[in-house]
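Now, the feature entries from Swiss-Prot:
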- 234-248: compositional bias 'Basic and acidic residues' (COMPBIAS)
- 352-368: compositional bias 'Polar residues' (COMPBIAS)
- 963-980: compositional bias 'Basic and acidic residues' (COMPBIAS)
- Ser289: phosphoserine (MOD_RES)
- Ser290: phosphoserine (MOD_RES)
- Ser351: phosphoserine (MOD_RES)
- Ser354: phosphoserine (MOD_RES)
- Thr355: phosphothreonine (MOD_RES)
- Ser357: phosphoserine (MOD_RES)
- Thr411: phosphothreonine (MOD_RES)
- 227-263: region 'Disordered' (REGION)
- 340-368: region 'Disordered' (REGION)
- 963-983: region 'Disordered' (REGION)
- 55-102: repeat 'WD 1' (REPEAT)
- 428-469: repeat 'WD 2' (REPEAT)
- 475-512: repeat 'WD 3' (REPEAT)
- 565-605: repeat 'WD 4' (REPEAT)
- 611-650: repeat 'WD 5' (REPEAT)
- 690-730: repeat 'WD 6' (REPEAT)
- 739-779: repeat 'WD 7' (REPEAT)
- 788-828: repeat 'WD 8' (REPEAT)
- 443-447: motif 'LXXLL motif' (MOTIF)
Amino acid sequence: MNSQVMYHNVPTPPGNVSLAAAAPDGGLLYAGIRCINYISAPPANGEQPQVVTMSTRINILALDVSPMWGLGNGGPTKPFAIVGDDLSVQVWDCALGEAVIGHKAHQHQHEARDVRVVHHTTNSVLMSYLANGNILSMDASDLVIYCVASNTYCRRSTFISPRNHQLTMVRCSPYNDNLFAVGTAMGNVLVCDLRKMNIVYKFHGHKAPICGLAWREVPAAEDEKTNNLALSAEEWRSRNGGQEEKPKTKPPPLTKSKAAESDDPFDIYNFDHLEYEFGAPIAERRRKSSEDCGGEFVGLEKPAGAAVLDFVEACESVKAELLASRQEDKTQHVEVTLHDCEPTKPTGPLSDASTISNKNDASDSTEGSLEVIQYSSSSDDAVIVDGEAAKPKREVLHHIYHQAEVHASGTPQTKSEPQSNLQVVPAISAETISLTSVNSTHLETLLVSIDGDEVMMIWNTNTGAHAGKNYSKSKTAGKLNNVYWLNNHVIVSLSRHQLFFWSVEFERKMLRYKISKDKSHSCHLQDIVSFACDSSKEMIWLCRNNRQIGMMNPKTGRMADFYGTVAFGVRAMAECPDDMNKIALGCSDRRVAFFDISKLTTSCLPIDSVYVSSNVYCLAWSPNCLELAFGTFDGTVGILDVERMKVKTHLRTPHKKEVYSLVWQDHFIYFIVNRVLGFFDLRKSKIEPTIVNCISRPSYLSIRDSFLFVGTDDGLLQIHERDSGMEKSWSPFIRQSALFARYVTDIAWCPLDSNKFAVSGNDRSVYVMEFQPTERNWKTLHTFTANTEKASITSMRWSHTQKHLLLTFHIEGKVCLWNCNAPEKPPLTITYHCPMWCGMFLPTNENIIMCSGKALSVELIDIKDALEGDEKSICPKVDALLNVKWASKSLTQPYAPVLTAAEKKRQRRDQRKAAAKLEVDVANKDQKKIQESVTAVIDNPTNDKCTQETPVEEMLEALSLDKEQNNRSAKECPKCKEQSPDSFTHSRTCLYLTQKELNKSALEKLAIVLTEDSAKIDKSVLISKLFSSKVMAKELIATELTNLKHSNTKDIAPLCLAMSTFKLREELEQHIANKTLTERHVSLAPSVSFTLWQDCCRAYAKQMEEKGYIMHAATYLFSQGMQSEAIKLFLANEYYKEALVHARICLPATDPLIKTVINNWLEHLEGTGNFAAAALICVLDNEMLRGYSYLRKYRNCTPEIADLMDQIKRIGQLGGVLDGCAPNEPIHNGSTAEH
């Protein structure tokens, strides 16, 4: 390893959503899982490589790099923007590694309260940077423009119909502040103008969702041809410039006249006036001109009467005249721009001669410059020169000077007659003509798009024309397809996890670009997840499926740089005993990674990973260092072949819980899972776990020769010894000490002092001890205490070169370096914003600490300067979301909520209903008051007092639509609404249909009865069955019961009718099956049979249990003599007091269910943190040691708690068990105890 190479961060793997972008400085930004990674361009001149990992806490939906990267301008120096899973848009500064500003314009209230409720996709909010550095973000209904400089945003309703277009991609033009392109799920590409808020072009052609868009400005094809012609003419002039010329008289100033007729001697297509201009006859000049220009002649316009012209003298003369004219300032200048010189009928690609780019807007001509116009005839037009054959597409260059008059645009054949035919113009040398023609090229803005079917299309955004297409032969649709421009002539696309290179050439016959496979670039990788192109260097960044990030040279197809990745939350680090440079990492994303520090260079971060079945919690190297054991989250222990990088086998432990401690000694792998210690014997053909039952509640283990050190869940440190002659048997603990209030987390042995070890736990104390093997004892050397009250140490690591240095990693986000030579000195503290899990000293340089945490992959910190400067703390990374300044809404234009047509219609309908209801209520109220006043006058005619009018306040309250209307009829009882559905209601009848006949259709039924038609009477008049036989009365009850069941009546009526028909059993059995029993059903069940009543009680108890009424259910179980079932029901639903009191009364004193209730009650109190109540119950149950252990769990031991612990220790005679480390003689236990 090069000692000068040091990466501060190890990047994380790419996330599930492929988001990557190339920074303007050549670096790579890509999104990981809840983080962003930046890798700088390959360093040069011995510079340090830069890798930055930034935790976002939430998943990322969109990522884009600002065009202002590296400019600063008083804001972030390296800004980029993301869209979080909570729909917030955040602007980050890569130089600071934190979010700076942002806005939450796309958030709704319920989403802002809890992000976990709604799971957004990448199409929820689309975001891209505009060319001016502002941010455009879009969702289904709104379009938000975020001004980064002022930290304000403006939200408008989108002009893209969400009903017709489901957006999948947005890319703003890097060449225009107002243009952006969006792709839809239907395969449309929309080019939109932000200033005009409309769709400029709508491109059709794709049949699958758009997956990628890329902009590019390229020179127009006709301009390239013109530049080639100008260069050829200049070369021809340089070859003939040495010929002698005759002295020439000073010619008159150059003039610009109107276009001449075809027979005019100054016609631009008449070349006779150019005789001897370059020292050659006319015929020879025509021949050479045709040869040099490929059959297309470039002519120069000449003034009248000048057969030969000395350009040098003309330039000097005109220069003097220009100086004189500027001094006099008499000439009125007319500015001519490129826009004024546009060709009227262009050929080549379907585009303007100009572009709407802001860059071209700034390239307007200035005084004294030379502008070039390109005239091109169509394929049907032809130009005849001196009677020769027609030559199609002849291009002619005109001199356009700034004092020339601007003619109105028209066809090349149309001539406009200005008021002044002649204007004086300055003359410029031929060299200036050629240079100006090269520099004034026209640019076309092309947009390439790719869909899910790998079909690419090129669009000309200047004219809205389709400019090219390739056809895919693949039938597989992919969502990871993407496209970039590598340069002006090469496009690179991603599909099927492969890169494809396409050459782009303009075809003049088809007036389109031809897309074909490019053979000069190649890439043979087939595991690419995402990529980004650095167009300035023509290099490609690749994010691969094997969790490596690399930069590839497309010309050679080889990886120039590659970087391994590690996910957040590395839970274990273990260096190989034979090769300390090889470090194994237990990752939280089902991987085991290997970091080979010896191969670390400026262009290589060597990390290889292997996929395993679950998250890895602990690691252990085999004695021969060829295999690695790992414990996982789901209770399995795997064995990995390091050389082949493959998992050999998976061993299942007795529990499906995390394996949080692992040791490999000889042929045995020891593990702890779910407070159980066991081991695997690898010599057996069928490997099964063996449980060690003599060790209770272990939390961590360490083996030293024949001694087993065990840290328990109660904070005790125990030592066990292997029985003589037995490899699998361990004696009960020989020695134990109470060190912590809670579980032991780590036991670390010093590599330079074989008997020194440190013990840490879920507490703020660290004990450094010395083991005495001959005496089977230990003694405390030092005790380090963290200054944080609620500290908890997750792991420790000793130095390999200095035996007095110890590293501890804390759950509150600290890494402390302790010095055993100066135990009273405060440690060097490295502060982070997340819990820290593990770490170590870098084997090659112990001035560098390598650590990992919950929101940290692997970070390397150099502490050399801090140690030399005697610093107390280092803060390498702060909370990235701590100092975000959220934007406010812009007040330039008020915001009105955007409603769709359906929502507006629904709102108007609700308003009409509310208004109509209000009118009815007011009318009823007025009518009621009139009736009351009339009644009062009638009852008391002598009272002449007028009724009071309605107060104005009451009328205004009635008009308020915001207030909830409390409409209740006069006959309505408010107490009835408060009653539960099962409460008794006063009912006047159970024959509702018969009552209806009497009240509403008595006359009609009477008419039927008077017809004396018995069949019609029996069919239509129910009340007639009351005056008939018993059979007819039963039919009446059956009809009424059917009606009651259909109407779901819950009163006593169905039971009352069933009692008379002797069908109560059927009624109750039906209610049991439907789980709709009530107490009245249970009360009536004994009238049928005792067995049915028992069934009803059990069914009703089960029904109440399902509804959550545990007390009701237990009561009915007790009534059936099912005491054990009722107590278990109380216990299962955490009714511990009720369960215990009934168990004391109903069960024998020796019943194990009583002890089960007490134990479950204690575990519940421990889980809720009520240690005082747990200790009280333990003392009452005569479990003094357990009560003492509960009081020790208090982190802040007050004098009151300490006094209670002393009393429990005294009463329970626990001095021999809880003696700590003070006695010199060990205290024995079990069969080896001394009496």
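Each Cβ is built from the backbone N, Cα and C atoms, and glycine gets one as well.
Using DSSP to sort the residues of the motif 'LXXLL motif' (443-447) gives these counts of helix, strand and coil: 0 helix, 5 strand, 0 coil. With pairs at least 6 apart in sequence, the repeat 'WD 6' (690-730) and the repeat 'WD 5' (611-650) have fewer than 3 Cβ pairs within the 8 Å limit; the two do not touch. Each residue in the repeat 'WD 8' (788-828) gets a DSSP state, and the totals come to 0 helix, 19 strand, 22 coil. Non-local neighbours of the repeat 'WD 4' (565-605) in the same chain are 1-2, 5, 7, 10-14, 32-35, 42-43, 47-49, 51, 55, 547-549, 611-621, 625, 628, 630, 640, 642, 800, 837-840, 842-844, 850, 852-858; each lies 6+ residues outside the stretch with a CB under 8 Å from one of its CB atoms. Taken residue by residue, the repeat 'WD 3' (475-512) breaks down under DSSP into 0 helix, 21 strand, 17 coil. DSSP places the residues of the repeat 'WD 4' (565-605) in helix, strand and coil in these numbers: 3 helix, 18 strand, 20 coil. For the repeat 'WD 6' (690-730), the model gives a mean pLDDT of 87.
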